[in-house]
C-alpha cells in the first residue's frame with residue numbers, strides 16, 4: 001500500500017480571552033456562570049482573596065481551544081483539539097509546519113521527535129508548547145487511521161478488554177452513582193491558607209457523600225496543585241475513616257520529593273495520584289520513581305498519544321496504573337489497549353452534573369459518552385478517532401504559512 005504524504009497543516013482556534021465566556025470545547029474550563037467547575041475550587045491562587053472564589057478570575061479559561069487539521073495529498077483530513085488557542089496556532093503555522101508537510105502520513109514518531117527537539121529551547125517542561133505538540137500528534141494519528149481505514153486503538157495493537165468503565169469527576173458523586181459510574185471524584189474547596197478548618201470542611205464533604213453513596217462506591221479528592229505535604233497528609237487522614245480511594249494532585253507538578261513523602265506518609269490503603277500537569281516523558285519517569293500509585297497524564301497536554309503510550313510503559317514496568325486525565329476519545333482509544341488501565345475518567349461538564357454532556361462539547365460531532373458508566377469498544381470502531389469537527393463553531397485561522 002502506497003501511503004499519501006501530508007500536503008498541509010492548518011491551525012485554528014475558538015474561545016479564549018477574546019471570546020464570549022462559555023465557549024467550552026477542548027478548553028473545558030471555559031464554561032458559563034453557575035457551573036460547578038468554577039465554583040470555589042481550591043487552586044494555587046486561592047491564597048489570594050480576590051482569586052479564591054473562581055478559577056476564571058485568575059484566567060484559567062484564557063487560552064481557548066486549538067484545532068489542528070492535517071490534510072494528505074489524497075484529500076483526506078485528520079484533526080484534533082486541545083487547549084492552546086491562538087498562541088498554539090502561531091507555533092504550528094510559523095514553526096512546526098516544516099516538520100509536518102511533505103512527510104508520509106505514517107511518519108508520526110519522526111514528526112513527534114522533530115517537534116520535541118526543535119522546541120526544546122523554549123518549551124521547558126511542558127505547558128502551552130507541549131499542548132500544541134500534543135494536538136498535532138493526535139491529528140496525525142487521526143489522519144493515519146482515516147487513510148488506512150482503522151480506528152486508532154487498532155493501530156496501537158487492539159483492545160485488551162471489551163469495554164472501558166469510568167468514574168466521574170464532578171461535584172455530585174451521588175448523581176454519578178445513579179448514572180452507573182464506578183466512582184466519583186470531587187474537587188477540594190479549601191487549602192493550607194484555611195488551616196485545619198479547611199480540612200474539616202472538605203472531610204465533612206467526603207463524609208456526606210459516603211453517607212449518600214454507600215460503603216462501596218469509590219470516592220476520591222482532586223486537590224489541583226493547591227496543597228503542601230503537611231496539609232495533604234492531614235487531609236488524607238481526616239478522610240480515611242470515610243474510605244477515600246485516592247487523593248489526587250495535591251502538590252505542584254515538580255515537587256517530586258513532596259510526592260515521595262506524601263506517598264510514604266499516606267494512610268494505609270489510600271492511593272496517591274498525579275500527572276495531569278506533567279508535560280515531558282522525563283517528568284513522568286521522575287514522577288513514577290516517587291512511588292505514587294497512579295499516573296494521570298492528559299493526552300492533549302503531555303505530548304500526545306505517542307508520549308502517552310511511552311508513559312503507560314513506564315508505569316507498567318513499575319507496577320503502577322496509568323489512568324489518563326479525562327480527554328474523551330483521545331484517551332479512550334489508548335486506554336482500551338493498556339493492560340494497566342482498568343478504568344478511566346469521565347469529566348462531567350453539565351453545570352450541575354445532572355446530565356451527561358460530551359466533554360469537549362460543542363467542538364466535536366459524534367463524541368461518545370458512557371452508557372451506564374461504560375463505553376463498549378464497538379463505539380470506537382470508526383476510522384481515526386471517530387469524531388468530526390463542528391464547523392458551526394466560530395473557528396479562526398489567525399496565521400498562515
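Every residue gets a Cβ built from N, Cα and C, even glycine.
What Swiss-Prot says about this one:
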type     : residues      : note
ACT_SITE : 325           : active site, proton acceptor
BINDING  : 29, 55, 345   : substrate binding site
BINDING  : 222, 248, 276 : Mg(2+) binding site
SITE     : 298           : site 'Increases basicity of active site His'
SITE     : 345           : site 'Transition state stabilizer'
Residue 325 (active site, proton acceptor) to residue 345 (substrate binding site) - Cα separation in whole Å: 6
Per DSSP, three-state class assigned to residue 345 (substrate binding site): strand
Intrachain C-beta neighbours of residue 345 (substrate binding site), sequence separation six or more, cut-off 8 angstroms: 166, 167, 168, 169, 185, 296, 323, 324, 325, 326, 331
Cα-to-Cα gap, residue 55 (substrate binding site) vs residue 298 (site 'Increases basicity of active site His'), nearest whole Å: 19
Distant-in-sequence Cβ neighbours of residue 222 (Mg(2+) binding site), under 8 Å, six or more positions away: 169, 185, 186, 187, 188, 248, 249
Distance from residue 29 (substrate binding site) back to residue 298 (site 'Increases basicity of active site His'), taken between C-alpha atoms, in Å: 15
Pairwise Cα distance for residue 276 (Mg(2+) binding site)/residue 29 (substrate binding site) [Å, integer]: 15
Remaining residues near the recorded Mg(2+) site, that is with C-beta within 8 Å of the centroid of the site residues 222, 248, 276: 169, 185, 223, 224, 249, 273, 274, 296, 325
Residue with minimal Cβ packing [other Cβ atoms within 10 Å] among the recorded positions 29, 55, 325: 29
Local Cβ density at residue 276 (Mg(2+) binding site) - other Cβ atoms counted within 10 Å: 23
All-chain count of other Cβ atoms within 10 Å of residue 248 (Mg(2+) binding site): 25
